[in-house]
């Protein structure tokens, strides 16, 4: 075996066999899914409590409209004075008392409606009650004016503008959502990957320094080969962990949703599906989603994802390794982490605020060329359609910078791994480049 | 003698700091070469240049007749002063890994490790993690790993630090045995008694310059000052002391003796011979002790550094 594969194997095996790595790998999805399950379970539990509400309808107009549900039970009171009803409700610990006064006209009646309760009532429940009363009052008002409310409903026409690109491809609002999900997921995944495994590389460099094994190693291997082997080995361990996370999370989510009957797998898009489902029917939605996915530049997305992911990750990984080489212990890294984390955070903020707002605005464009932010920002822009030449320029800038940083990191690394004691200043780091 | 290593006019700067200034050394095959110098003199830089960890700014290094090349790494075994092993890795796995990095095949490395582990009686450490071992135990592993690939050139930087006297002796004997088996050793240390015992040849580096170089015996010859330690039984100590003082430079001396005698170190003028001195002494009284004072490596070290 040559040096590089020996180093990669060692790095990979020590990472994968490490106890805390194994625990993290299997515990993280359990924790995440567990918390998710707990929330789902608790909210189920919350919904299970039945609210008893007394209704004192002196007007007699709403008698037929209160339909009890599994969560809310209405009890109609008749011919009881308000004070007695209130006292009764409080004594029996009833959730609330809805009072509708008798009145000459609907306006003053509406103003007189009152909900009495022990504490502030649930917002969602009040909204339901208000909506119900409001629509009923409106129907009555129309009736007073001699208009048939059914007729109005029948005459109403819905408008949803068809969205078509100039090339004739149909788009839809759901398409934009889908693009956001794809782009956001890609960008965020890269961000997480850089943070987690960049740190791991840094720690492994520091470990070699603190255990003083480094000089033994580099008397056999070129520092550049060691650096490369470290990055590749750690990355492979990272990919292994990520894959296990994905598989485990998926399996667990499926299991949980089966047990609790909650649609957890759907997540964010499911809400859109439900909303549109009201308008267009479920089948139409599924067709729309499939069509939108087909409309996405899948091949472009995948190729660029790989390029930006590799370029962006390696760019940052080499910087992390350089930081590890420059210091003696993890506590000293803070000062050097700032310049790494700042552009990374900036990329994510620009991605999630600016790109979502306007994928092709000036800010989005500029940040998708700057190599330290382009992997995240460009990945988020691509689903919205970025001309190929722009993508290629961005990739070219990224890889040129990547070679620059690797050169820089290798220099710092080569000198830094043999420097013990004092934490270097930025000025000294620059000096190292000339050693 | 055949040369194994030649370092020719090597210089190295770190920024404005000059770590090595035009240093040349020659190491003969099968010898033990002591590389001496105060802390920060540039020894480690020179050793790192020989190991191709650092590149020299100028000058050449020739190993066994060839200019230094990457593949030479496999012919050198280096035990750095700042040394250690992966703490969480198991002994056997780690030794195999390091041996393979030095170019041994896995099977070969395993066989040789078994030989060494049996020899040093550390076979049952194979599955232990380094962090479970004491410092001395870890040092033994480190020594084995350094010599396992039977390098032509062995470089030991403070090899005895971290060892108790018994183990230090054991390692010393192993180094001598490796030399006898044909290896050439460069040996950097501050322990002058080991230099005295082991080195055939020494070079002294001070403030980035080589200030002394040669075989230990030649250097000692050069540094001897025609000084003798004497014991003399005389009836009148005061008179004899006065007589000595008149002709020579004398210094107090003290050695164990069964006689009640006069004890001095006496420096003769460069021209005078020891025979004349003995005649002079026997005329004064009965000579009971007569030894030439040979400078120790430590004396030479201190004297040379102070001169510069």
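Quick reminder: no glycine exception, Cβ is built from N, Cα and C everywhere.
Features of the protein shown, as given by TrEMBL:
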| type | residues | note |
| --- | --- | --- |
| DOMAIN | A:19-410 | domain 'ABC-2 type transporter transmembrane' |
| TRANSMEM | A:21-42 | transmembrane segment |
| TRANSMEM | A:180-201 | transmembrane segment |
| TRANSMEM | A:242-262 | transmembrane segment |
| TRANSMEM | A:298-316 | transmembrane segment |
| TRANSMEM | A:336-355 | transmembrane segment |
| TRANSMEM | A:367-386 | transmembrane segment |
| TRANSMEM | A:392-413 | transmembrane segment |
**Request:** Report, as numbers and ranges, which residues of the same chain sit near the transmembrane segment (A:180-201): CB under 8 Å and 6 or more residues beyond its ends.
**Result:** 15, 230-231, 234-235, 237-238, 242, 268-269, 296, 301, 305, 308-309, 312-313, 316-317, 319-321, 324, 340, 344, 347-348, 351-352, 355-356, 375-377, 379-384
**Request:** Mind pulling out the one from A:21-42, A:242-262, A:392-413 with the most Cβ pairs under 8 angstroms to the transmembrane segment (A:298-316)?
**Result:** A:392-413
**Prompt:** Same chain, outside the transmembrane segment (A:367-386) by at least 6, Cβ under 8 Å from its Cβ: which residues?
**Reply:** 176, 178-180, 182-184, 186-188, 190-191, 296-297, 300-301, 304-305, 308-309, 311-313, 315, 343-344, 346-348, 350-352, 354-355, 359-360, 393-394, 397-398, 400-402
**Sequence-remote partners of the transmembrane segment (A:392-413) [C-beta within less than 8 Å, at least six residues beyond its ends]** = 205, 223-224, 227, 304, 307-308, 311-312, 314-315, 318-319, 321-322, 325-326, 368-369, 371-372, 374-375, 378, 429, 432-433, 435
